[in-house]
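Undergrad: Please see the structure below; I have some questions.
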Amino acid sequence: MEERPETELISIPATPRGVSTPEIQTPTGQRSPRPASKEAKSSTAWTPTSFISPRFLSPIGTPMKRVLINMKGYLEEVGHLTKLNPQDAWLPITESRNGNAHYAAFHNLNAGVGFQALVLPVAFAFLGWREEKRKKPEYTSGLVLAHSHASWKNLTNVFDLLAVGLIDKLHEAVPGKRYNRYVELAQAAFGERLGVWLALFPTVYLSAGTATALILIGGETMKLFFQIVCGPLCSSNPLTTVEWYLVFTSLCIVLSQLPNLNSIAGLSLVGAVTAITYSTMVWVLSVSQQRPPTISYEPMSLPSFSASVFSVLNALGIVAFAFRGHNLVLEIQATMPSTFKHPAHVPMWRGAKVAYFFIALCLFPVAIGGYWAYGNLMPSGGILNALYGFHSHDIPRGLLAMTFLLVVFNCLSSFQIYSMPVFDSFEAGYTSRTNRPCSIWVRSGFRVFYGFVSFFIGVALPFLSSLAGLLGGLTLPVTFAYPCFMWVLIKKPTKYSFNWYFNWILGWLGIAFSLAFSIGGVWSTVNNGLKLKFFKPPN
């Protein structure tokens, strides 16, 4: 009897391990068992191409092989067979998915460096920096405090980057699903209701609250810029602070008409460049001038030990407030295409690392150089107000005006990226009810409404930007705690393993820091006399 050639069939899908393989009818009529391949035995994860075998049994397998190989390449290019929500194509965050690592760096840097960097030297005022001179000038106890402050900023920066890495990996942690917004990821980890309650307030504040604070900072900086440029030629009836808030808000509303997050990449580039430039100019100009004669680096004299503890906690809360922007990580990553061969977390992580390198280069010199230049005379508004108050007549007007103008440009750019999640929420509510995308008039109406609501809140609560310590404590879980908890609940690492312990410990440390810094911020507000003047912005 003539021997038939040995052949093999494709199995769709592969037979699970431990299940007996039935006999298979071949095209020639012979019945033979299908042995399990080594690849099937060793495979533990399903991929979109795992059911395609490179070898075929039938003589007609050659053209079919080409078809299936092409299908394999297509699936590797198209992605993870992700189920896309059609509504996402109508919303500002997910409307365009052509982002890349450069866009990620621009957005993260624009969100990470801003007005909060200017108040970092204020934290030193609570810690002190005693300067003791002996035979040779030596910094003793003050240097210890300075190193402690710098070490906390180092630790915060490391935790910050670690949290960004966790969120980056959780974006596509579940096969077939992309979590495009922070609240969506919180709902997946903590549950539908609890996730909303835990994540909604801090993310809303970080978006809407930061936008309001930017109006305050931007309007006041525009006023100072006008005073520097105009000088003695200013008219007898200059614009009031509220009117400058309105001018700045109007500019923000005009720029907010850009449709989606990818379309503001150019603005984020402008914001990133201006942030690096004015941060460098501010501390260089400060340390290059002669220090005020009454300067002191002594710690604040407080009546009790508990008051000293609360003041230190408030200072650390100010540092924590400087490292914010985590509510935008998923939104930025959602603008990138993601395929099986090129997942979105790779360019996102590459851009984030570059951004946080420059963020560290901006924040550290401003904090240390600013306090060295002004000491306990540092105003609560930060180093920019100190530079204008002490050296407005010592620095050339053109150079000083350029510094303030760069701050204005940065505030305009930062307003756009922090407001985009709010725009997305407005349009998501509209499209879910009408089942159609927003027209250009509806979209513009939402953004004009949001801009003037932020303006109204800024006028009603002009003290908002001075509560950095309290607000840093309240929003700290978004930065340090929630990413660790969400990693454990979604990724489910082996119980009592290193990753399990590491993330649980870091998460609960973040909660403890949040409570401590919030208490310190409340104490600082009460100790300063609760100067909460509603509807009374500075003149």
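In case you wondered, yes, glycine gets a Cβ from its N, Cα and C as well.
What TrEMBL shows for this protein is this:
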REGION    1-46  region 'Disordered'
COMPBIAS  22-31  compositional bias 'Polar residues'
TRANSMEM  109-129  transmembrane segment
DOMAIN    168-525  domain 'Amino acid transporter transmembrane'
TRANSMEM  194-217  transmembrane segment
TRANSMEM  265-285  transmembrane segment
TRANSMEM  305-323  transmembrane segment
TRANSMEM  354-374  transmembrane segment
TRANSMEM  399-423  transmembrane segment
TRANSMEM  444-464  transmembrane segment
TRANSMEM  470-490  transmembrane segment
TRANSMEM  502-523  transmembrane segment
Undergrad: Decide whether the stretches the transmembrane segment (109-129) and the transmembrane segment (444-464) have at least 3 CB pairs under 8 angstroms, with pairs required to be 6 or more apart in sequence.
TA: no
Undergrad: Would you mind listing the long-range same-chain contacts of the transmembrane segment (265-285), meaning Cβ under 8 Å and 6+ residues beyond its ends?
TA: 99, 102-103, 105-107, 109-110, 113-114, 117-118, 255, 258, 355, 358, 361-363, 365-366, 369-370, 373, 383-384, 387, 391, 395, 399-400, 402-403, 406-407, 409-410, 412-414, 416-417
Undergrad: Flag the pair the transmembrane segment (194-217) / the transmembrane segment (444-464) as in contact if three or more Cβ pairs fall under 8 Å (sequence separation 6 or more).
TA: yes
Undergrad: In the same chain, which residue numbers or ranges, 6 or more beyond the ends of the transmembrane segment (502-523), come under 8 angstroms Cβ to Cβ?
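TA: Contacts of the transmembrane segment (502-523) (Cβ under 8 Å, skipping residues fewer than 6 from its ends): 159, 162, 166, 307, 309-317, 320, 467, 469-474, 476-477, 479-482, 484-485, 487-488, 493.
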